[in-house]
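All remarks here apply to the structure that follows.
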Amino acid sequence: MGTLDTKGFTEEQEALVVKSWNAMKKNSAELGLKLFLKIFEIAPSAQKLFSFLKDSKVPLEKNTKLKPHAMSVFLMTCESAVQLRKSGKVTVRESSLKKLGANHFKYGVVDEHFEVTKFALLETIKEAVPEMWSPAMKNAWGEAYDQLVNAIKSEMKPSS
């Protein structure tokens, strides 16, 4: 179930993703937080999807639960992108696609949320590696993200 056709992800795209990920990896905690701050700036209502943010009076960047969550999402997204061509499918560490799909279903994540996240991810990467950024790199990360999202969506149903 967790495998998807990755023919759309070329060797050139893989090289761009790997090169930029290698440059960003050491800052993944900071970049993950930037990603989520961008998401909430674009769509403030998305904060309601996170139980640990619902009634929090703490500024987002100081929230002790947001930082580790943001880092793990950023890491998983980027590492999934790097592995895409090598493994021929979307691979995720830590948590299975079934669990990711069930959680996204349970919390009411919809297509628009994935679109906002994609935009925020591409902006975060663009700011992280401006000297490498190009239309080709944007397309490579966009393709990798779309394939991860399609894999998650294929598992978005109530957990059994």
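Note that Cβ sites are derived from N, Cα and C of the backbone, with glycine treated the same way.
Summary of the site annotation: Swiss-Prot records heme b binding at LYS65, HIS69, LYS99, HIS104. Screening the candidates SER51, SER80, SER87 against this entry identifies SER51 as the one listed for that site.
From the options 111-123, 137-149, the stretch Swiss-Prot describes as motif 'Homodimerization' is 111-123. Check Swiss-Prot against the ranges 41-45, 56-60, 131-135, 151-155 and you find motif 'Homodimerization' recorded for 41-45. Looking at the motif 'Homodimerization' (41-45) alone, the prediction's average pLDDT is 93. Residue density at HIS104 (heme b binding site): 19 other Cβ atoms are found within 10 A of its Cβ, drawing on all protein chains shown. The two recorded residues, LYS99 (heme b binding site) and LYS138 (site 'Homodimerization'), show a Cα separation of 28 Å.
Taken residue by residue with DSSP, LYS138 (site 'Homodimerization') is part of a helix. Taking the C-alpha positions, the distance from HIS104 (heme b binding site) to LYS138 (site 'Homodimerization') comes to 25 Å.
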